[in-house]
Amino acid sequence: MATPPPLRRVAALLLLLVAAASTPTARADLVVTRADRKVDLTSHIVRVLTSLKVENSGPEAVSQFLLAFPNVQAKNLAAIRAFGTEEKVKGPSMVLPIEVVQPSGVPPELTFFSASLSKPLEKGKTLHLDVLTVFTHSVQPFPEEITQAESQLVVYQDSAQYLSPYPVKVQTLSIRLPGGRVESYTKYPNTKLAESELKYGPYEDLPPFSYSPMVVHYENNNPFAVAKEVIREIEISHWGNVQITEHYNIAHGGAKLKGEFSRIDYQSRPYIRGVSSFRHLIARLPPRAHSIYYRDEIGNISTSHLWSDSKKTQLEVEPRFPLFGGWQTTFTIGYGLPLQDFVFNSDGKRFLNITFGSPVEEILIEKLIVKVVLPEGSKDIDISVPFPTKQEQEVKYSHLDISGRPVVVLEKLDVIPEHNLYFQVYYRFNNISLLREPMMLITGFFLLFMACIVYMRTDMSISKNSPSYLAKVQWDEVQSIIQQIQAIFNQCLAAHDKLETSLHELSRSGDVKSCKVARKTADAQFKELAKELKPLLTSLQSSSQSYQIWPKVEELVAKERELQDKLMTRHSTVVDSFEKKLRGQDVENRIAAQQQKVAALRQEVESLLEYISEI
C-alpha cells in the first residue's frame with residue numbers, strides 16, 4: 001500500500017516547539033487542568049470542539065487566553081468561536097471575542113489567537129472554555145486518483161496531543177470517522193479504535209507546546225461538494241416579496257476519476273460502480289419559500305424534489321449527471337420569500353434580516369458574493385455582518401428605474417455552513433416611493449391614449465395646393481411615364497431578339513424569304529414604337545421633376561436608335577451574303593465588326609434601363 005504524504009514540515013515544527021517550550025513566559029500563570037478534543041471527520045469539512053478547564057495559578061488576574069495552531073493548519077482555518085463561563089457561576093456561556101495576535105518569543109511557524117475573557121480570571125479561579133474550530137482542505141484524497149469502482153480514501157493529519165502555550169495536566173482526543181474501513185492510523189500509548197471512533201489518551205502532565213504527529217488514513221465517500229463561486233442575489237420588493245437567486249459553480253473536491261466513465265455500470269450498480277460520486281445535494285430553504293425553480297444553462301431541470309412543512313422547505317437538487325472527483329457543474333436556484341418574514345422596522349429605518357451563506361448542506365464555498373438589491377430610493381444604508389467581509393456598493397437598473405437600485409455587495413472566501421448566520425442591512429425608504437412606478441405606468445398609458453385620440457381626430461392629410469403635394473403628384477407622373485418608356489424599350493429588345501432568331505433560322509434552313517419577312521416586320525414594329533415613345537418623351541422633358549432622369553432617358557433613346565440601325569444593317573448584310581451563296585467564313589468576316597458593335601450597344605442599352613429602373 002502507498003504511504004501517506006511525508007511529514008517533514010511537522011518534524012521541523014516539532015523542533016521549534018521544543019525550543020518554544022523551553023522559553024519561560026508569563027503564559028505559565030495559566031494551567032489547562034483538562035483538555036478534551038472531539039474531531040469530526042465525517043465530512044470533508046473538519047470540525048474540532050475543544051473543551052478546556054483552565055486554572056489561574058499565578059499571582060495576578062488574567063484577561064485573555066491564547067490558542068495556538070501550526071501555520072499549515074491555520075491557513076485552512078475557516079471559523080473559530082470561543083465560549084466561556086467561570087466555574088460555579090450559573091448562566092449560559094458567554095461568546096468571547098477572538099483576534100489574531102503574535103506574542104513575543106514564540107516560533108513564527110505558529111499562529112496565535114487571543115480570546116478576551118468577559119472578566120479577568122482571578123488567582124485560584126477556574127474557567128470553562130469551549131472552542132469550536134472549523135477547517136477546510138484539511139482532508140486530502142490519497143490516492144489522488146481512483147477508478148469508478150474504487151472507494152475514496154482520504155488522509156487527515158493532526159497532533160495526538162493538544163498544542164497549547166500552557167501546560168496541560170490531562171488531555172484526551174476523540175476522532176469520529178464516517179464508518180467504513182480504516183487503512184491505517186498513528187499508534188501511541190492509550191490509542192484505541194472502536195467501530196467509527198478513534199481515541200487517544202488520556203495523557204497527563206504535558207508541557208507547553210506538546211505536539212505528537214498523528215495521521216489517519218480512512219475511507220470517506222461522503223459528498224466533497226466544493227463551490228468555486230456562488231453569487232447570491234437578494235432583491236427586496238416592498239410589494240410583498242423577497243426574491244432570492246443563487247448561481248452555483250460546484251465541483252467534486254475528492255479524488256479525481258481515473259479512466260473512463262461507464263454509465264451502464266453506474267446505472268446498474270450505482271452504489272458499487274460510483275460509490276465515490278454524488279448525484280444530489282440538499283438545500284434547506286426557509287419555511288414559507290415559494291415559486292421555487294432549479295435550472296442550468298440548458299433550461300429547467302425536472303429531476304429535483306421538494307418537501308415542505310411548517311418548519312422548513314427542503315429541496316433536493318439533482319444535476320443532470322453524477323459528479324466524480326474533478327467534475328463540475330453549474331446551476332441556478334431561485335425562490336421567493338414573504339416580505340414580512342425578513343424585512344422589519346426599527347427606529348424609523350427598515351432592515352433586512354436574513355442568513356448569509358448558502359442553504360445547501362455541507363458545502364464549501366471558496367468565493368461567495370452576496371448582493372442585496374434594495375428598492376429604488378433607499379438611502380442611509382448600514383450593514384451589520386457577524387464576521388469580516390469585503391463590502392462594496394453598486395447600482396442596478398431594472399424596469400422603470402430612473403436613478404437605479406442601490407446594491408450592497410458582500411464578498412467572503414472559504415464560506416462554510418457555520419457562516420450561515422443572520423446579517424442585517426439597514427436603510428431608509430419612503431412609502432411614497434412605492435407609488436413611483438405605478439404612477440409612471442398610469443401616466444404613460446394616459447399619454448398614449450391621449451395621443452391616439454388626437455391622432456384620430458386630426459386631419460393628417462397633405463393639402464392639394466401645398467408645394468409638397470404638387471411635387472409628389474408630379475413625381476408620380478414621372479414614375480408612370482418612366483414605366484411606360486421601360487415597357488416600350490423592352491418591346492424593342494424583344495424585336496431585336498426576333499431578328500437574331502431569324503438569322504439563326506436562315507443559317508440552319510437557308511430560307512431567305514422568311515428572313516426578309518422578319519426584317520420587314522421588325523422595321524414596322526420599330527416605327528410603331530417610335531410613335532408611341534414620342535409623346536412620352538415630350539411629357540417627361542416638360543416635367544420639372546425629371547431633371548435628374550432625363551439625360552439618361554435621352555441617352556437611352558439615342559443608343560436604342562443606333563442599335564436598331566446596326567441590327568438592320570447586319571441583317572441585310574447576312575441576307576445578301578446568303579443570296580450570293582458566299583461561304584460561311586466569308587459571311588462571318590463581313591459582319592464581324594458589326595457584331596461587336598451590336599453587342600456593345602446592347603450592353604449599354606440594358607445598363608441604362610437598369611439604372612432608370614433603380615431611380
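Here, residue 1 is simply the first one shown, and the rest follow in order.
Glycine is no exception: its Cβ is also placed from the backbone N, Cα and C atoms.
The N-linked glycosylation site annotation in Swiss-Prot covers N300, N353, N431. As annotated by Swiss-Prot, N6-acetyllysine applies to K187, with the evidence given as similarity to another entry. Feature annotation from Swiss-Prot assigns signal peptide to 1-28; the stated evidence is sequence analysis. According to Swiss-Prot, the topological domain 'Cytoplasmic' annotation covers 456-615, on the basis of sequence analysis. The annotation transmembrane segment is assigned in Swiss-Prot to 438-455.
With a threshold of 8 Å between CB atoms, the same-chain residues lying at least 6 positions outside the transmembrane segment (438-455) that come near it are 400. If you measure from the Cα atom of K187 (N6-acetyllysine) to that of N300 (N-linked glycosylation site), you get 52 Å. Neighbour count (other Cβ atoms within 10 Å of the Cβ, all protein chains): 7 for N431 (N-linked glycosylation site).
In sequence order, F342, V343, F344, Y422, F423, Q424 make up the list of same-chain residues 6 or more apart from N353 (N-linked glycosylation site) whose Cβ falls under 8 Å from its Cβ. A strand conformation is recorded for N353 (N-linked glycosylation site) in the three-state DSSP classification. Across the structure, N300 (N-linked glycosylation site) and N431 (N-linked glycosylation site) place their CA atoms 37 angstrom apart. In the three-state DSSP assignment, the secondary structure recorded for N431 (N-linked glycosylation site) is helix. All protein chains shown were included, and the count of other CB atoms within 10 Å of the CB of K187 (N6-acetyllysine) stands at 11. Averaged across the topological domain 'Cytoplasmic' (456-615), pLDDT for the predicted model comes to 80.
Counting every protein chain shown, the Cβ of N300 (N-linked glycosylation site) has 9 other Cβ atoms within 10 Å. Reduced to three states, the DSSP call for the residue listed as 'N6-acetyllysine' is coil.
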